[in-house]
Amino acid sequence: MAKKTKNNSKSSTPVNDVPTTAGKKKAKGKKGQEPEPEDDKRAKQQSNRAKVTSTASWTGKLPHTILHETCQKRKWNKVEYDMKKIGDKGFIAIAVLSFTDPKTKETLTARMNDPTYDKASGKGLVIPQETPIEARHMASTIALYRIAYNTNLHMMLPPNHRKTWYALDDFRKDNLKTDEKRINKLFDLDPFKTMVEDRKLKAQREKEQVAQNNQAQKEQVARTILSSHGGISSSGKDRQERKVASHKNSHNPSLVRFPKKVWENSIFVDLDESSRQLIETSLKEKIDWQAKKISHKNETIAENREDLKAKLLTLQFRPKHVEEAMLYKDPLSFLLFNLPEDDLPPFFHKKKGDTKNKVEITNLPLSTRMIVERLTEIGVSSDEALLALQQNDMNENEAAGFLTREILPTLNSNTNEPVSETESIECWNQELESLESIYEGCVMDAKEDSHYTLNLIEKLKIKLKVYRTKNYPASLPGIVVSTFDKNYKLPDYIKKQILTRLLHYLQEGNLIGDMLVYHIYEWLKENISKIIDNPGPLIPDSDSKGAINKRNISNGKRSINNSSSRKFTKTTISEDTLSVLREEYTKRIKSSEYKSMQLVREQLPAWKKQKVIIDIINKNEVVLITGETGSGKSTQVVQFILDFLQKEKGDFGKTKIVCTQPRRISAIGLAERVSDERCVTCGEEVGYVIRGVNKTKASTRIKFMTTGVLVRLLQNARTMLENTIVVIDEVHERSIDTDLIVTLMKNLLHRVRGMKIVLMSATVNVDLFKKFFPGLATCHIEGRTFPITDYFLEDILSDLDFKIKREKALSYDDDSVDERNNDDQYLKPRADSKFFTSGQINYDLLCQVVEYVHKRLKAANDNGSIIVFLPGVGEINKCCNLLANKSNEADFMVLPLHSALTPEDQKRVFKKYHGKRKVVVSTNIAETSITIDDCVATIDTGRAKSMFYNPKDNTTKLIESFISKAEVKQRRGRAGRVREGLSYKLFSKNLYENDMISMPIPEIKRIPLESLYLSVKAMGIKDVKAFLSTALDAPPLPALQKAERILTTIGLVDESDKSLTQLGQFISLMPVMDSKHGKLLIYGILFGCTDISVLLVSILGIGVLPFIGGFENREKIKKLLCKYESRGDLFAVLEIVRDYFKIKDSSIKRKYLRDNLLSYNKINEIKSSTAQYYSILKDVGFLPMDYKVGSISDLNRNERNFDILRAILTGAFYPHIARVQLPDVKYLSTSSGAVEKDPEAKMIKYWIRSEEYQDKLEEYKTKISQETQKVDLEDLPLPATRAFIHPSSVLFSTNSVNLEDAKLLSEVDGPISRQSKIPTVVKYPFVLFTTSQVTNKLYLRDLTPTTTLSLLLFGGAISYDIGGTIHSPGIVVDNWLPIRTWCKNGVLIKELRTQLDEAIRKKLESPDYAKKSQIDNSGADKTLKIVEKIIASEQ
């Protein structure tokens, strides 16, 4: 029988008793209690339900029943209630939930009290109820919400209890932001699971605390010898006292800190012991510690580092070591590098979790463990001792000798006189006998022919142990100076000092080959006490000056600058050549061909202004010439100038004309057209210079070039503009290079002899340029366009009587339709409706306008073409499909036009299609770049897509918006080139006049500015911000500051004085469009990937993939690339392109192009670019002048080593790095046991550097340095931002893309693939990306998997997290990326990177091929080989 509980006794719920009859036993109950009649019982139940629900009509379940069923489903125990009577107020109950663990049989309980109850006020949501049953049901509702607030159970509750549920929901949401931890504890969907996890966490903490206490006890046991006079102290106690004393001085918190959970989930990396020793040995030889000291100029810096000193003492470094470290720029790195592992404070000790070594010392055989323990007495770690033992075939003697030699690698043994084993043993034993006789009783533990020990200081238990090595005495013996007593300890840093000075003594005395042990013992007896009393600095002055004489920077720089300037020195033409040119010109102007071309030129409107233009240019230094489209200004103005120079001045060589164009196609086209008009071959009198092609010669008078080329030329030789008329065309486009050229020209105007500036544009803000150039002279050329009739949206809607279905009117606002004359099914939208003013496109209306214009032209017997302007490729494809479906194919030839099409497809728009109306559906490419001669009508949606840069998160976003009035005018002008035209605008006249901006936003205000900053800096301009503030439109200051910070992060700008670093100077020498590409070229040469890096940069330089465009090919292209999926997007494209260039046969090449969907034009552009890059690299001296592809094997030694290629790509594109976060491991049960499951692609997360966090961090650092105000670290945003792989990537592998994301992406990029496969990125901790794209999410494109060591060696700055309390968790890259590793690994990699920078400088300033080089590059080569070995070791 169930035990009665308190609430059962107080419950007023009736019991269904069975009525009794005479002669039968009465039913159980209280004495004398009569059974209730059935009707009374039912009435009482109804009364109770009414009380609980506050209504007599409720027929659903009651809260207690719902709670009971919920607990039953979760396999919890029966719910119990703790009932309390609150005086006369009534009853309050608390539901008590419980769960019994089926394994341990332990029962866990959870009391579900009122979470809103406030002890101070004694008030809460639950008030005392009249009866116990009401109180019990109220407690059930409270418990239900607390364990199931995320469900819809409230829909099953009575109305009054539903109100309680809602009140609890409001309470939880209101307090969630302010006290998330407490709220999550109160409202827990599975409180018993949380209890178990809390127990485990508590147990783990207790275990760590016990381990910490045990470690502290161990440290206090060994007494450290600090003086030869018997000064012995407990190292643990000594450190602890210093910690307490120093803690008071440390009050500045570290800005960069991460919680324990973040460190637990961070990437782990370790160096194997051989790599660690390789790096350390190399660094000991090369580090110039003198250069790392704080100079006298920086005394103020030294004075402001008291907080840092206090922090180092708090970390328990010895005071004398801290004093020495404070002399250096990076004291912590100095200490971590120079202190032996054993003497590092406990905070930096190596834990078991800090290593990936497969061989654990504790798992070794006992004999091996004992050898390792003996070898550590030299002053090395167990790992170092084990590695030495393994490298010497487990021979203890040879391992001891090896470790001794490593202390002073420069000490050379006399290997020219090898000693036989017999001679070595004989010499060893003779010396032992002599020592025994001289120092009686001092020799002990002698093992025949192997080793022995000598007593040095009896009082301190210090002894000398020597090991015989083969070839002794011609080689060093193994030398150990130690206590050999676990109760006494000689600090390792003192051991290191003793042995270092001892070996220097042997080296200086040239004693190797003599009786070494005798000399060693004698020297130690005399000097060891002095060294123990005064060990001296960790770095003696003699060692700190080791690398000073190796530097010779100025000569190298001078030679590079000289070589780079040779190309751009201005050549003079001889008198003989001038005579030939004069004679050739005289003949040419008399030819019939020239005269016929003259007649063609005279038909252009510009011809009438020839004299005015020449006169205004002669009289003014700066001229602005505006002209309508088709006026001939681009082809004629430069010819007017040249004709005047040749005819009037007889100038055939002195004055040059440079004409810049914003696009390559324009520069080439104009050069060829002007050459034809002047009846010369392109490249002679008239030529062009674009990236990759220089089609000019010394006698060329008119040079067309892209604005970017002129910017790069001006970086190296401004004198090239002497006696030059610079014509800057299309200034209205306001590209970043055009704005920079205009600003530079203004600065150079009075500094360069004989230079004039001519600005040209179709539509431009004349007042802006007059303000920028005081005294600017202007001239306007009228065009020859025909009258154009304009129709705005209100006219179109009226003429077409356009209607929409009533159900579609929801897309428009309430007042946007004209209700007059509307029938029940259709409505008439107005031009000022929200739909149209927001820029949305009604494709039904667009198609009807095309049909309407076609019929109107047909009625006028006009066979001209129609251009439809749309914002993007997705919109063009949609419109083309609709037009093809709705129209009669016999009437229309619908042609798309955008930059992604092949040149062949683009050329289709120029053809005539007899009997059909040509309808060109285009982006703004048809606005200026391409002219369709037979166009008579334009239909303009008034929309365009432009890239906008957001410096806050360092991303660019493709934004669709209304175009400017100037662009509307340009589009309109396309309709009046051949006859009277029509211009239909799908926007209202009011929107055009009042909402559209006058001119387009300059590019300098909407793109990243790193390349601009570097270009300006390379010209010798110190204050870039001040210089650019004088531009036509100053760039946004936040974008400029972001550019400066990014260039500092990637190592091109020095953080202290904002000057170009060595690497920055090298990259600025190369006229490369992007600093990332410049870094890739330099790294490629140094690491033996020259040809492949040049090809990669050429592919990246074209800006798009080298495939035939179009959405119909997207999946085919991805399928081709997926053959190389494991290497990522860039290498997949590289392999396909490289295979093409390997083919020699032309027919096979053509087939390869077709099979792999490669664009012939883009491949040719890549080929042209590679030639240009080789020319640049030769010119600046990075490659020999006679270099041919693949001709020097060392420059291509790693061309098939994708590990090295990945690493240099990482260095080139940092900080474009994303961390790959895998989900928690899941296991699958099989017959052979549990097997780890591959993670689902949709569960993998990608994190990139948060630019908002970096900006805020800089702001806080400034505030702290200025001590202006306190900073709240809680306000710092998260260091990382989540990103997603773009579906076009070969690494994208999921079928879980939600429909909304897929729709948004398809609007920009077309349909996406939804195939699923095991993701490659699982194998790599990071991926690098070249570009990113923001739609509804941040997507990463062109991905390449990469490794942790690649990131550490080539990525951002490395710092140490010293904010922990027990142990250093690891290092932090660039303030945002925590990496778990032993601190010593961090400092070794950090110093190796410094040596790598030095190696880059040496190799580039004095290349190996330079025969006259006097600089020894062997050290640089060794550094590069070490880096290559480290990268290979991670695989």
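Going from the start of the chain as shown, residues are counted 1 onward.
Every residue gets a Cβ built from N, Cα and C, even glycine.
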Problem set entry | Of 409-412, 729-732, 1061-1064, 1309-1312, the range Swiss-Prot labels motif 'DEAH box' | 729-732
Seminar exercise, completed: phosphoserine per Swiss-Prot, picking from Ser295, Ser816, Ser1059, lands on Ser816
Problem set entry | In Swiss-Prot, the member of Ser9, Ser631 to which phosphoserine is assigned | Ser9
For this session: Summarise the model confidence on the domain 'Helicase C-terminal' (845-1020) as a single mean pLDDT, whole number.
Result: 86
Exercise. Can you list the residues of the same chain, besides Gly627, Glu628, Thr629, Gly630, Ser631, Gly632, Lys633, Ser634, whose Cβ falls within 8 Å of the ATP site's Cβ centroid?
Worked result: Leu604, Pro605, Ala606, Ala762, Ile781, Gly783
Exercise. Residues of the same chain, at least six outside the domain 'UBA' (365-406), with any C-beta under 8 angstroms of its C-beta?
Worked result: 273-274, 276-277, 281, 340-342, 350, 355, 357, 359, 413, 450-451, 465, 467-470, 475-480, 482, 484, 492-493, 495-496, 499, 503
Seminar exercise, completed: If you tally other C-beta atoms within 10 angstroms for each of the binding-site residues Thr629, Ser631, Ser634, the top scorer is Ser631
For this session: Identify which of the binding-site residues Gly627, Glu628, Gly632, Lys633 has its Cβ surrounded by the largest number of other Cβ atoms within 10 Å, counting every protein chain shown.
Result: Lys633
For this session: According to DSSP, folded down to helix, strand and coil, what is Lys633 (ATP binding site)?
Result: helix
Problem set entry | Neighbour count (Cβ, 10 Å) for Gly630 (ATP binding site) | 18
